[in-house]
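Take a look at the structure set out below.
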Amino acid sequence: MSATTSEENPDSINYIGFNQDSKVICVGHKDGYMFYKTADILENNTLTYEGENLTHLGLNNCLIIERLFSSALMVVISQKDPRVLHVYHFTSRNIICDHRFNKSVLTVRLNRDRIVVCLEDCIYIYNLKDMKMMHNIMDTPTNKLGVLDLTSNPGNALIAYPGSTDTGSVHLFDAINLSSVSTFNAHEGTIACLKFNQEGNMIATASTKGTVIRVYSVPNGHRLFEFRRGVTRCVNIYSLCFSSDSKYLTSSSNTETVHVFKLEKTEGVDNKPEASTEGGGWFDAINKTFSAYMPSQVLQVGELMTTERSFATAKLPGAARSNQVSLVSHKNQQYVMAATSDGFVYAYRLDPEGGELDLIKQHNIGPKSDTSRASPTSTGSGGAAKSAEASNQSVPNMDDPDDFPPMSHTSG
């Protein structure tokens, strides 16, 4: 998401997005961050949030806020110096480490094994446990929008990013074994958005034209589904997201319409692989490994579904500067949830029959909202001393997957 400076709008939201499993909405603003639970958005009339003012740390105007699932570990990119990545533990109120780069950070993705940092022309990979750099992918095709995604399932860390500035190719890189996996042609135009499903065996893609959304199997790059939006005009696709069971895919754009596509198999349609692979026998081995975890619709790589219209749509009350959309599973029901940069979140119940979805919840979020803080952690003046004291009193457990210990180290 593009940032808006505080001079343009003192109360603006600079960043908004969902965490890896869509259980938390992350908001970055001029003074700090706010986290909202999606379950609270669906269940409560009044929202609470976890948040903190980070100005005492010099982190004014948070441009990127990413949280590791529902843990206390998060990363911050501040407008004070967008070339610096701050890894922060918000329970102990301690900066774990800083990593400085020679260009602005455009995108950050986390899973339980890796932190992946995307610059305009290179990608850095860090080990989450000790925050040490594992690898850097140099001289990547110019990626001014920071288009990149990382799988979130345990033990798997595939990175996807555009493979060309001229065509719509997608490159997959294994961030565990630190080696290239495959490259496949997804669109004629350049890639504008891409997103893995939660199992890491499918990826959705959209080009800068925005009229066609496709789904490919991972890692071999077979086209599984192709969806055409309901209008012919070009749009900017802001976000893509699979449901947790990979039965639905949703997209948002610079229009007021959110589209939901149903991932159903169609019998008797042949499809050819679109991947050019690297690694020979190694690729065959990893392909078999991934196949063991693929759902049935992914294994049927010969079956391609093409639809001219979305399965369901949701109308946003207005077109914001930007938005992010997700499919949230709550109490055996699927919901479409859209969070906008003008400080609103909208929830729609996904009807199994599709069609136009009804708005069931609407909340204000961000610094201008009337929400209350659930667990105040802001320190104000003297916050650094309190942070050190808090981290000494309660050291997080290294073996707890939802917690990681504060460590001190800075990379140049």
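Using N, Cα and C of the backbone, Cβ positions are placed for all residues, glycine too.
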Checking 11-14, 227-230, 279-282 against Swiss-Prot, the stretch recorded as motif 'L/FRRG motif' is 227-230
Under 8 Å Cβ-Cβ from the repeat 'WD 2' (142-183), and at least six residues away from its ends along the same chain, one finds 20-21, 106-107, 109-114, 116, 118-121, 123, 125, 134-135, 189-196, 198-200, 203, 205, 207, 216, 218-221, 275-279, 282-283, 286
Using DSSP three-state counts, the residues of the repeat 'WD 4' (232-271) come to 0 helix, 18 strand, 22 coil
